[in-house]
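Per Swiss-Prot, the features are as follows:
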type     : residues                                             : note
BINDING  : S40                                                  : Mg(2+) 1 binding site
BINDING  : H158, E167, E293, D318, S370, H371, R372, S373, K394 : substrate binding site
ACT_SITE : E210                                                 : active site, proton donor
BINDING  : D245, E293, D318                                     : Mg(2+) 2 binding site
ACT_SITE : K343                                                 : active site, proton acceptor
Amino acid sequence: MSILKIHAREIFDSRGNPTVEVDLYTNKGLFRAAVPSGASTGIYEALELRDNDKTRYMGKGVSKAVEHINKTIAPALISKNVNVVEQDKIDKLMLDMDGSENKSKFGANAILGVSLAVCKAGAAEKGVPLYRHIADLAGNPEVILPVPAFNVINGGSHAGNKLAMQEFMIPPCGADSFKEAMRIGAEVYHNLKNVIKEKYGKDATNVGDEGGFAPNILENKEALELLKTAIGKAGYSDKVVIGMDVAASEFYRDGKYDLDFKSPDDPSRYISPDQLADLYKGFVKNYPVVSIEDPFDQDDWGAWKKFTGSVGIQVVGDDLTVTNPKRIAKAVEEKACNCLLLKVNQIGSVTESLQACKLAQSNGWGVMVSHRSGETEDTFIADLVVGLCTGQIKTGAPCRSERLAKYNQLLRIEEELGSKARFAGRNFRNPRIN
């Protein structure tokens, strides 16, 4: 079925910044998609088009991206009369019209908004759930429920505390189902709140952009200690492990790293990549840390390669790979990491996101689907992670509605699948083997 109408508008993300929403109409009805936005962004990401008009929304308006959709993309797609099930064809049309390497003409936020809406319309056209349509597009005969990696302590660019490392996560990989993983995550989260309140006072339980707590601690080890205590108090030491997103590009300084980057600059405290790697190895030895994301700067290839080759844990590329097939191919060649963080807005279309995922999986990598810190109530990534069978998702703490929207959608999907539901569990790095 072809597209009858496309209308884009500015709406607000969870940080109160404008973002793009797209309404797409076919004979089957209205299909709506909204685009997220990141705070710690990799320099190689596709371009998110902002107006840069300082008199409006501090320059963060997206009226130009909206106009590109309404004035250029919409008429072109409607006149071409393409069927909404032809995702790759529609995405290619938009990419060809944009013509730039990084989607800087229309903006990745414009192209992605339409691409997501097309995908939802395609599922309705086929009369199947969105996750099934995505699985079909990716050539996956089965679907898998992911282990949720709840980001329960926030630092880095997501929080106003001194903590350098951005996310401390608790994936309940020992759960038997997604529903049980949610319960475990929520119970650990509430235990963590009490542990933090007792140690640092009630104001330390204020939450960051992704719903995690942001106590004013400086030592990253202290965050791990808090998690270990909370997991133990909740009674889940055998079922919950720890993941981290260091976002090291945020504190990379002249070939070294500044673990106190939110204080006044002092080069004497910078540490070398080797010293940082030793710190991580200490974490892995003393805590159940099974996954570390962006342990080094996005261009510090040597440090990545050396670290990944020396540890048995999951090493996730985010700023390093930016969901871009070219960067992923280089990281595969260099053996720089062993897991891809998949963010649809880093690359800017559904088709390219699927290509990035399949490239990583075909090289033996794990894949983790991810939200952004500036989110909306859109739940597309919940269906995406199930259809792509990646086995892991991070979309914040079990707190703040824009985060729970995704987790709740996953609960519904598991319920709908009934006895056919498969949960990745401890095989989250390679969920298809069990």
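Cβ from N, Cα, C; glycine included.
Cα of E293 (substrate binding site) to Cα of the residue listed as 'active site, proton donor': a distance of 16 Å.
The Cβ of D245 (Mg(2+) 2 binding site) has N151, G156, M165, Q166, E167, M169, I292, E293, D294, V316, D318, K394 as same-chain neighbours under 8 Å, each 6 or more residues away in sequence. Comparing C-alpha positions, S370 (substrate binding site) sits nearest to K343 among the recorded positions S40, E210, K343. In sequence order, G156, S157, H158, Q166, A247, S249, E250, D319, S373 are the residues of the chain that are 6 or more apart from S40 (Mg(2+) 1 binding site) and have a CB within less than 8 Å of its CB. Close to the recorded Mg(2+) 2 site, the chain also has Q166, E167, M244, V246, A247, I292, D294, V316, G317, D319, L341, S370: residues not among D245, E293, D318 whose Cβ is within 8 Å of the site's Cβ mean position. Comment: substrate site residues H158, E167, E293, D318, S370, H371, R372, S373, K394; largest CA to CA distance 16 Å, whole number. Under 8 Å, Cβ to Cβ, and six or more positions away along its own chain, R372 (substrate binding site) finds P36, S37, G38, A39, K343, N345.
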